[in-house]
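> The structure that follows is given in the form of structure tokens.
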């Protein structure tokens, strides 16, 4: 059936700030849906509080609301925009829960808005554990034995019946939040209590343990004609007990027989029909008992999910785009497959390669928390690799994670390695090293329950390592040898380690033997039809499937896996660069390994290489494509680290030169440059060794800010207040950071106000694009501080000085593109802290706040355009106050105190916009899920809060200065760092831990008291006159 014509305006709900369990995959799916629906002529309205996304760019939707994802704000948008329908299946759990709240409040009925994609009943059946179990029973699909309970009394009663271990799964939560596996009665009580609290409907499912079973997922799509297709099967390398988001996964499933696969397929078809997902995609998870083949369904997500993004990238089938079109009435057989152009979307994808996904973790950011993986997701990003075999795919995925830690494991004894066989991020490395040492597959299977087939495959890689030494001198290897070795996924660097040569020596010998990769195409049909979308991966075979063109080409390096400190903001910058260069007439080539992102969509760049971001893999592409330029400064630290090596090998790096990058990143040369320019710096020195650091600290005095060269996200950065603290810090930093980094010791400017300045420079002229004032004082990482643009608390004279000095610095360095500079203002003097001649994480926020696409301009500068040609010759004036606030993942890391410091810990951000800076701050807080109360009790702990107390009392809150028994307040402001902060966080009470944020919070509450908080689209804001600033 053709698309519905009774719908004119469709409201899409986004997913809000990036958080663990809900990351960049929803920017990718939302962006696809926006393009698809607008392409069909619908008016599309988007609400999403996350400015770091492509989907919230003003030209993607007809009206974009950077507003909190709360029922109150969305109702105001519905009243204003009068949508005919809401599509809630593309914004993760946040959007589904919000749709249900709007239904329950009567908002949908009041305004006559229809839910499309998934109806209320389907969402309830898919998400409510009790209803799901009943539905499965009805169609004869087995679920784990279990019971839904709504109180501790019920839970204790049922636990007696089912025993231990026991799985606790709260209803309607994200990424397994609040759940877990209890092995002891004490754990059972603690997890269940937390789960009941975290579930918005106060219910948890208690289930029999299926630890150690094999886990599979099927990605399923259905249309209103009841055509159901399977996009792909996905197998979890890690057995049951590890959240699928934290597990290594493989597509297609490797260890299922055809009969077993058909059984899961048939059950999936029955499940999606019974749940009632009439249109769109669902992800269905199964567990299979390896001993007897018993199959149970674990759960389904009646929406586009993290696995959908992986399945899309693994197969080339655009699940989110097709889901959006099915939601407006199309049938699968009416939609063409973009890649083949001859097959309809009702053809199930078929693939002739293997895809491996490996998650990326950030436990090093949260010392003291356990790295034991369970049913609560804790990874912050992921990589994907494609190979012709599992072995090739696994080795490529391992090197894509950028955590080259082979040496660490080689030095461990066997007892230490065996101690790492519990579910944790390092288990795969321990398994590999133990196999290297001769551990048996049976012993490893007993310890890990990782399927023997996977262990056999890894053992074959290890056997090949031994065989390499028997092939004779590497200089005499024939092409056939090289081909067989490389088809197992071995990198030049790893071959070099084994045979005792450098990576560059191996590369030269390999090229001399004419052993270079060919590039295959991801085509959805296992090469049965011609593919029109150039989406490629490398392997070592005969036939190359890349067809060249005569257009000048530019390679843009992506940012690899998301992590704390290098998130979706850098993907945003690389996508903008692609668009700008396409407009300028270049053929764009994207290289990236992250399946969650817009940059790795098959129709973003002219050509996509899904490859690891390593010197070897990137240089192979440069050799193959012969581009006129390679852009490294938009993808964060990952491509920057490759810049010098690529340039030395002949890659034409364009934009800011590797020499400039080095001059700004290397602390000693940067300090000398600032002295030459007469820029004030905190007193500081660079130490090359721990001994020198101790000596310099004694000269400078404490407190000091200590930071290593070449790090992102404040990695290993700390405020040290005594020699003892410094000694401990040095021991830790030399253990945690690769190589022997030089360390900058700076006088710490206690209580200074920090500024972030983003600048564009074309080599002849520099223009500051935006100056952000931090809410938090110096000492809190810039990525964890809220910030406001334009600044509120600084004089015009000081801002003019900062602007002029920043522009002088950019010109002196020879920046060609973007530069971010951080300043600290104390007693009327601005001190320069650091300069980064690259895109910073504030680029998307500033681009929206000042209505200028900074990353697009940086890309145009890289290919020779001037700021004058671009049309940016002076600092743009902001039409509104914009506040960026961060989302912090403390809840996922038990026992960690939610206190901010110089090491970055946030995973995402929200944006608030208003004509009043304090109302913009209030909106940003709500957008980051910190729901500041406008009434009730505020508990203030610590000195220096009298002004805050007075403001809150004036706003009508009851202010108390000590805790009333065990009763928690409605707002906790605690600058003493007490354990109450953690307790309040776990109970959902908004917390503030610094005096600076407390001042802003109190003023925001007072401002919100007397305001209607009207909603206004970003497009509308950007057309008005500038605010003062």
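Using N, Cα and C of the backbone, Cβ positions are placed for all residues, glycine too.
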> So Swiss-Prot lists 707, 747, 749, 754, 779, 780, 781, 782, 834 for ATP 2; which of 695, 822 goes with them?
822
> To the nearest Å, how far is the Cα of residue 215 (ATP 1 binding site) from the Cα of residue 301 (Mn(2+) 2 binding site)?
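About 15 Å separates the two Cα atoms.
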> Using a 10 Å cut-off between Cα atoms, which of these binding-site residues sit near residue 822 (ATP 2 binding site): 242, 285, 299, 301, 834, 836?
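For residue 822 (ATP 2 binding site), the binding-site residues whose Cα atoms are within 10 Å come to 834, 836.
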> Taking DSSP three-state, what's residue 242 (ATP 1 binding site) in: helix, strand or coil?
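Reduced to three states, the DSSP call for residue 242 (ATP 1 binding site) is coil.
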> Give me the DSSP three-state residue breakdown of the region 'Allosteric domain' (930-1029), ordered helix, strand, coil.
35 helix, 14 strand, 51 coil
> Quick one: mean pLDDT on the region 'Allosteric domain' (930-1029)?
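The average pLDDT of the model in the region 'Allosteric domain' (930-1029) works out to 93.
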> What is the one among the binding-site residues 208, 215, 299, 834 whose Cβ has the most other Cβ atoms less than or equal to 10 Å away?
215
> What is the number of other Cβ atoms found within 10 Å of the Cβ of residue 707 (ATP 2 binding site)?
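Excluding its own Cβ, the number within 10 Å is 23.
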> Taking the Cα atoms as reference points, how far is residue 781 (ATP 2 binding site) from residue 285 (ATP 1 binding site) in Å?
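Residue 285 (ATP 1 binding site) has its Cα 39 Å from the Cα of residue 781 (ATP 2 binding site).
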